[in-house]
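Asker: If you scroll down you'll find the structure; I have some questions about it.
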Amino acid sequence: MEPSSKKLTGRLMLAVGGAVLGSLQFGYNTGVINAPQKVIEEFYNQTWVHRYGESILPTTLTTLWSLSVAIFSVGGMIGSFSVGLFVNRFGRRNSMLMMNLLAFVSAVLMGFSKLGKSFEMLILGRFIIGVYCGLTTGFVPMYVGEVSPTALRGALGTLHQLGIVVGILIAQVFGLDSIMGNKDLWPLLLSIIFIPALLQCIVLPFCPESPRFLLINRNEENRAKSVLKKLRGTADVTHDLQEMKEESRQMMREKKVTILELFRSPAYRQPILIAVVLQLSQQLSGINAVFYYSTSIFEKAGVQQPVYATIGSGIVNTAFTVVSLFVVERAGRRTLHLIGLAGMAGCAILMTIALALLEQLPWMSYLSIVAIFGFVAFFEVGPGPIPWFIVAELFSQGPRPAAIAVAGFSNWTSNFIVGMCFQYVEQLCGPYVFIIFTVLLVLFFIFTYFKVPETKGRTFDEIASGFRQGGASQSDKTPEELFHPLGADSQV
């Protein structure tokens, strides 16, 4: 591997930084709706009274609020499934740039919903920003993976998740009643998303297009070479160009890859299964359930302002994403994912014990707080960041957009299902709901151990070749045989 491949140049930092502004938007819009729930519900009631001369029924209010929250995921499902329509036609960078129009429209709708006395404007704004975020979850990991050198691909790929958790943390802080989570400023809280959108519109024109897109999709070798020189900070980019040309030759031998082809072809069936299961391991891990439980647990523990403790968990969230950023290229993706899943399973068991004994032993609430922080920390070590960028690593240039669309759709759909069903399952199971997540985490651990290869330090073509060599027979190999061509046996 060339020394230049480990260099973090200014142009590379600008490109990745410009892209992850979209990740920040995703995180912010995920977390922003929770804090101002009561004041927005009051706005819904006032609007209803203004229109119909009577207070809104509690059931209608609950339905409207649930729709306001869930419509974001519906938009995300549609957006994530549409990734391939844009990236191959307009390019990776230009697609990110164009999508900011959705953020501006959403900001206007939500920002003026109170003035217009229209909760429909708010709900439509949530849907539109959901579409934007669904597209972002495909665009950002793809672009970052394609501009990054092999030696830095995992670390820079983790920045997508870091952007998400920082966005959530900002939303939690801005959502405090003393800042913007009050009856006067909540429209600004929801519409402030125009600022990162505007910033991205300013930054992205100075960022290069993906060199892989230029060479492999557009056959513009000179432009790709020029971009690579700027990204790598060196005049000698022969190694990168040769790798891309080899991938391009391989792509020309393959027919156009559709979403159905991903599941039909033996060469793609294994990696798409891995991609989907890793996305499910993120959303079905119970992380959303933990955040759901956290406020009530902090209250039972005697925390005077549970919202500040929730922000504390957001800080833990961010801190351990940074830890993952620094160790992912040393420890490897597979190892960190396994550690994260195992740690989360242990914390889920602790949480179940603590919640079950909370009434008899009040001090158990402190154990549950430790379990919450531990659960969040282990999530950000593996299942949080890794599923996002490993999907881009598992596929060559041809099938990558379709694969990212399928993986993103799986993530958003499972997110939607958990959001809609968790409260009913929790009412049925009580504190024992975490037993369900423990079982799922163990199953995901087993799958990861036997099926997921290590991609650390390997080029896209080497990873794809590993799957092609195995073909349909890979599932019959031992973990050692499966991981060998992909470098899992290399020294940490």
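All positions are counted from 1 along the displayed chain.
Every residue gets a Cβ built from N, Cα and C, even glycine.
It should be emphasised that the depicted structure is a prediction, and the values quoted were computed from it without experimental measurement.
Annotated transmembrane segment per Swiss-Prot: 12-33, 67-87, 91-112, 121-144, 156-176, 186-206, 272-293, 307-328, 335-355, 366-388, 402-422, 430-450, in sequence order. What Swiss-Prot records for Thr137, Gln282, Trp388, Asn411 is cytochalasin B binding site. The D-glucose binding site annotation in Swiss-Prot covers Gln282, Gln283, Asn288, Asn317, Glu380. Annotation comment: Swiss-Prot describes Asn411 as site 'Not glycosylated'. For Thr478, the entry in Swiss-Prot reads phosphothreonine.
So that I understand the layout, could you describe where these features sit and how close they are to other parts?
Answerer: Sequence-distant contacts of the transmembrane segment (121-144) (same chain, at least 6 residues past either end, Cβ-Cβ under 8 Å): 15-16, 19-20, 22-23, 25-26, 29-30, 33, 40, 64, 67-69, 71-83, 86-87, 92-93, 95-96, 99-100, 102-103, 105-110, 112-113, 156-157, 159-160, 163, 190, 193, 210, 388-389, 391-392, 400-401, 404-405, 408, 411-412.
Secondary structure at Asn411 (cytochalasin B binding site), as computed by DSSP, is helix.
Asn317 (D-glucose binding site) carries a helical DSSP state (H, G or I).
Proximity of distant same-chain residues to the transmembrane segment (307-328), defined by a Cβ-Cβ separation under 8 Å and at least 6 residues beyond the stretch ends, is recorded for 31, 35, 154-155, 157-159, 161-162, 165-166, 168-169, 172-173, 176, 291, 294-295, 298, 336, 369, 372-373, 376-382, 384-386, 456.
Within its own chain, the transmembrane segment (402-422) is flanked in space by residues 69-70, 73-74, 76-77, 79-84, 134, 137-138, 141-142, 257-259, 261-262, 268, 271-272, 275-276, 278-280, 282-284, 288-289, 292, 387, 391-392, 394-395, 433, which lie at least six positions past its ends and keep a Cβ under 8 Å from the stretch.
Spatially close to Asn411 (cytochalasin B binding site) yet at least six residues away along the chain are Ser80, Thr137, Gln279, Leu280, Gln282, Gln283, Pro387, judged by Cβ distances under 8 angstroms.
Under 8 Å from some Cβ of the transmembrane segment (430-450) lie the Cβ atoms of residues 277-278, 280-281, 284-286, 289, 334, 337-338, 341-342, 344-345, 348-349, 351-352, 355-356, 358, 383, 422, 479, all in the same chain and six or more residues away from its ends.
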Asker: What stretch, picked from 91-112, 186-206, 272-293, 335-355, has the most CB pairs under 8 A with the transmembrane segment (12-33)?
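Answerer: That would be 186-206.
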Asker: Looking only at residues six or more beyond either end of the transmembrane segment (67-87), which have a C-beta under 8 A from one in the stretch?
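Answerer: Answer is 29-30, 33, 40, 95, 98-99, 119, 122-123, 126-139, 142, 213, 401-402, 404-405, 408-409, 411-413, 415-416, 419-420.
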Asker: Which has the fewest other CB atoms in a 10 Å radius around its CB: Gln282, Asn288, the listed binding-site residues?
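Answerer: If we count Cβ atoms within 10 Å for the binding-site residues Gln282, Asn288, the smallest count is at Asn288.
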Asker: Within 10 Å of the Cβ of Thr137 (cytochalasin B binding site), how many other Cβ atoms are there?
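Answerer: Around the Cβ of Thr137 (cytochalasin B binding site), 26 other Cβ atoms lie within 10 Å.
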Asker: Let me spell it out: take the transmembrane segment (186-206), skip the flanking residues so only those 6+ beyond its ends count, and list any with a Cβ under 8 Å from a Cβ in it.
Answerer: 14, 17-19, 21-22, 24-25, 28-29, 32-33, 36, 39-40, 43, 93, 96-97, 100, 103-104, 106-108, 110-115, 122, 125, 129, 174-175, 180
